[in-house]
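K.L.:
Taken from TrEMBL, the feature region 'Disordered' applies to 1-34. According to TrEMBL, the feature transmembrane segment maps to 40-59, 71-90, 123-143, 150-169, 181-203, 224-243, 249-268, 280-301, 313-337, 395-417.
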Amino acid sequence: MAARKRASADTSTEPKSQVKPKSQEPTPTEPPTAPLKSKAGFILAFSLLLLAPYLYLIFHHYKIEHDLKKSILINAGLSLAGFFVTLKMIPVASTYVLRRNLFGYDINKKGTYGGTLRVPESLGIVVGIVFFVLAILFQYFNFTSDSNWLVEYNAALASICFMTLLGFVDDVLDVPWRVKLLLPSFAALPLLMAYAGHTTIVIPKPLIPYVGLEVLDLGWIYKLYMGLLAVFCTNSINIHAGLNGLEVGQTVVIASAILIHNIVQIGASTDPEYKLAHAFSIYLVQPFIATSLALLSYNWYPSSVFVGDTYTYFAGMTMAVVGILGHFSETLLIFFAPQVLNFLLSLPQLSGLVPCPRHRLPRFDSKTGLLTGTNDGTLVNFTLRLLGRMSEKSLCIVLLVFQAIACGLCFMLRYFLAGWYK
């Protein structure tokens, strides 16, 4: 979370010949800039370790069709290239955003040298650009002009692109949060208009005797639900923030769970259309994870760059899109359990029942370097009140572990309820 500072432009209309020289006045020195230190080595090594179970599922545990496996691997190769491209582009983009005074100060380091450093902001735009290039290039390898999925694939990219643009506009113009709630509704329109999938839900088996139906067609209500899901996913990532690495970290954890879920569903299903729906999700999630990991290498504690609302909106819309078109929106909401809890804790302040400050961050003690939870309704503060004071890095790790546990419980829930619930 950054306290943004912008320099005002010189709007003087006085001719330069009439401007008096100010050589005798001391030139104000700019605050120092945070050094761009990448943790790419650690991030890449840790990612390869976590990649092992994913590769095991693809190559050994499940028998996936050759053509489908080939498309997944081509997409993975493009994603790996996107990781390194993003790593190279972030330092370049940082110099440009600093020129335009798009930077912030780390509030959780206030009172220390780290709190005086200018940190480049809105670097989520780099991730968005590389992601779109990869997603468009992949169409050459996988889709034909008469592909049934091509329309929805491009509609998904249009929604994600629209949301990324609105996020960058928010970073530049600082849009009020009440307006932010509505932005995903507009960005989701291309997807909702192009959506040609089913609008039915499977009634849970325990409720069938009471409802009298096994499948219920919701019609336009289902599309309304999809729009609301996009609004929730986008804003929930945006408000569960405030620590170095938390926004990108939680996104990578959820996206990794989505990736494994898709492979499990492809391997366990015999329905070709169902497999294609989950493959569609994989084609978007793999480049999304790769580019996000590159951003995380600069955003992990201590942050060299801030991701901005550009990234949180982009990430939320991407996961909403893959959940909707992959037809696993219920599972997606369970993956978002910590975000749901954070939203419920935030509801009194967001609704205006309780005063809501601009930055609902913990209180930082510059002498000890520890954070103390405040009474603000966020999962970050609730965790500090529950577990006690801790450093920013430790707190972020605790929250990411909690996110991973929530995703793991989702898999367990699906396993134990399979055959009974649906």
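Glycine is no exception: its Cβ is also placed from the backbone N, Cα and C atoms.
In TrEMBL, annotation is done automatically, which means it is predicted and not curated.
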K.L.:
Should the transmembrane segment (40-59) and the transmembrane segment (123-143) be scored as in contact, given a threshold of at least 3 Cβ pairs under 8 Å and pairs 6 or more apart?
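P.N.:
They are not in contact.
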K.L.:
Taking 123-143, 150-169, 181-203, 224-243, 313-337 as candidates, which has the most Cβ pairs under 8 Å with the transmembrane segment (71-90)?
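P.N.:
If we count Cβ pairs closer than 8 Å to the transmembrane segment (71-90), 123-143 scores highest.
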K.L.:
If contact means at least 3 Cβ pairs within less than 8 Å, sequence distance 6 or more, would you call the transmembrane segment (249-268) and the transmembrane segment (395-417) in contact?
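P.N.:
Counting Cβ pairs under 8 Å, at least 3, so yes.
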K.L.:
Return the stretch with the most CB pairs under 8 A relative to the transmembrane segment (150-169), choosing among 123-143, 181-203, 224-243, 280-301.
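P.N.:
Counting Cβ pairs under 8 Å, the winner is 181-203.
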K.L.:
Is it true that the transmembrane segment (123-143) and the transmembrane segment (224-243) have 3 or more Cβ pairs under 8 Å, skipping pairs fewer than 6 apart in sequence?
P.N.:
no
K.L.:
For the transmembrane segment (181-203), find every same-chain residue at least 6 residues outside the stretch whose CB is under 8 Å from a CB in it, and list them.
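P.N.:
Same-chain residues near the transmembrane segment (181-203) but 6 or more away: 151-152, 154-156, 158-160, 162-163, 166, 170, 175, 211, 213-223, 226-227, 230-231, 233-235, 277, 313, 316-317, 320-321, 324-325, 327, 422.
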